[in-house]
Amino acid sequence: MLCWERREMDFEELKRYSALHPKPAGLTLQYGTAGFRSKAQQLEHVMFRMGLLAALRSRAMGATIGVMVTASHNPEEDNGVKLIDPLGEMLHPSWEEYATQLANAEDQELQEIVTEICQKAAVNQRKDASVFIGRDTRPSSKELSQAVIDGISVLGGQYHDYGLVTTPQLHYMVCCQNTQGQYGKPTLEGYYQKLSKAFTELIKKSLSSGEAQRQLKIDCANGIGALKLAEMETYFPKEVQVQVYNDGTKEKLNYLCGADFVKVHQKPPKGLDMKPNESCCSFDGDADRIVYYYKDTAGHFHLIDGDKIATLISIFLKELLAKMGQTLKMAVVQTAYANGSSTRYLEETVKVPVHCVKTGVKHLHHKAQEFDVGIYFEANGHGTVLFSKAAENTIRQLAKEEKDVAKREAAKVLENMIDLINQTVGDAISDMLVIEAILALKGLTLQQWDALYNDFPSRLLKVQVADRQVIDTTDAERRAVTPPGLQEKIDALVKKYKLSRAFVRPSGTEDIVRVYAEADTQENADALAHEVSLAVYHLAGGKGAPPQPI
């Protein structure tokens, strides 16, 4: 029976609890790729309502749903929330609309909207509801988690509060729970054991080839990653030494540190002392992104971003598949922001097909599911590898039964890789271990990895506009359809420079337009980006002063 036919839902109770988490007047929020994000003090009503939504989604799916309280790489005073679907994937787009509706409903409309969602989504209120909750280390996260719990409880749902966890750990646990343990145990210990066992097996193989001890400096953005790495360290093989910086004991979350800071500013984080050619990496605040970097002997900073991570993994997996004699369908998925040099190298040198999709992890994840082995990374360092069920079964069978020793060994390495990769979502801890294992097995230094190809110089700018919706795009956001004349202007500007490309896309959350340009030199990339910014300003209703040259 559906929920509106059941014994009356206790709307008095809903009203009473809702009054404890009132909606601020005039606030409108949109559920985007990253869920909801805003200043923490504006979010209490949203959290309560996402607790309601998670209980409804759980009943609709007959499965456990996750709710993660985090604002990832945003400043400490912000917070946010995202829902996790049964297999650890992002919330289904049709329910994103329900989330936006619920978050923006006035207090007196809440009962009506909950009833409406139940009707539209055929929610059976007699079913049990089960929700897993996790949170990051922000001062506001505990209180906001309690608001989520209130929302679940008022609808009679059950919950398990994991407390402080990384975002990827919660995704992992939701998947474990709903696959009846096939993916692993839905506990932190289960996560640490699965990853460390696979990593130790892989590192053993490199040690037999005389690989020295691996040392890595990790900037944890003063976030949850530091706490979880400390818990996991006892599981690491002694041949791997990690030094944690920005562990949250002294400074603010994400302040002048973390993956986003390093990527945007192209410089090391505050609080991490780098010596020439030392291996370093940075997580973001909720540990779902990672970038690597080092300083050369001349003191120059080198960033190794998501594009180069995808390239390293692609080369390694392609070699393993060849050793196994398997012709599984493998592809890399990128967005328009991926450096053109990486796309060219993957297609022409590694000989792996590359597909471009719209910005946003859900688009990358969805496309990667079309292949036996789908590798996706955004340039910002968020990404993972997906293996189809059929591919995974083939690999595990060969690891057990293949008579040819070389083929069987290759299959075993690949089997450990499958166990080491968190396939539910980008995971900084898992990705770091994957990278360290590949570098060890291939005997590569960070410098050799970095030298696979040179990035084309690029520039990313923002232009303020009165209404971002005047810009509409096509071809995975690489071409502008409206306003009239803008794409023609961009095409003409691109022709002026060598090895150049440029595109514009509206922000998903604010009235700004992002402008991306690449060219043969930094000077030309900067000039092209500026000229395209001016075109946007004049043709798409720019606000304030015109963009100034860089």
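Heads up, the Cβ atoms here are built off N, Cα and C, so glycines get one too.
According to TrEMBL, the protein carries these features:
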ACT_SITE  S72  active site, phosphoserine intermediate
BINDING   S72, D284, D286, D288  Mg(2+) binding site
BINDING   E378, A379, N380, R505, P506, S507, G508, T509, R514  substrate binding site
DOMAIN    58-108  domain 'Alpha-D-phosphohexomutase alpha/beta/alpha'
DOMAIN    122-174  domain 'Alpha-D-phosphohexomutase alpha/beta/alpha'
DOMAIN    189-291  domain 'Phosphoacetylglucosamine mutase AMG1'
DOMAIN    305-443  domain 'Phosphoacetylglucosamine mutase AMG1'
DOMAIN    460-533  domain 'Alpha-D-phosphohexomutase C-terminal'
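Of the ranges 58-108, 189-291, 305-443, the one with the most Cβ pairs under 8 Å to the domain 'Alpha-D-phosphohexomutase alpha/beta/alpha' (122-174) is 58-108. Residues near R514 (substrate binding site) in space but far in sequence (CB under 8 A, at least 6 apart, same chain), listed by position: L460, L461, K462, V504, R505, P506, S507. Looking only at other Cβ atoms within 10 Å, the busiest spot among the binding-site residues P506, G508 turns out to be P506. Excluding S72, D284, D286, D288, which define the Mg(2+) site, the same chain contributes T70, H73, D136, T166, T167, G223, A259, F283, G285, A287, R289, H382, A428 within 8 Å (Cβ to the Cβ centroid), listed in sequence order.
Across the structure, D288 (Mg(2+) binding site) and S72 (active site, phosphoserine intermediate) are spaced 8 Å apart at their Cα atoms. On a Cα basis, E378 (substrate binding site) lies 14 Å away from D284 (Mg(2+) binding site).
DSSP labels the residues of the domain 'Alpha-D-phosphohexomutase alpha/beta/alpha' (58-108) in these numbers: 18 helix, 14 strand, 19 coil. Cβ neighbour density within 10 Å is lowest for E378 among the binding-site residues D284, D286, E378. The average pLDDT for the domain 'Alpha-D-phosphohexomutase C-terminal' (460-533) in the predicted structure is 94. Each of the recorded positions S72, N380 was scored by other CB atoms within 10 A of its CB, and the lowest score goes to N380.
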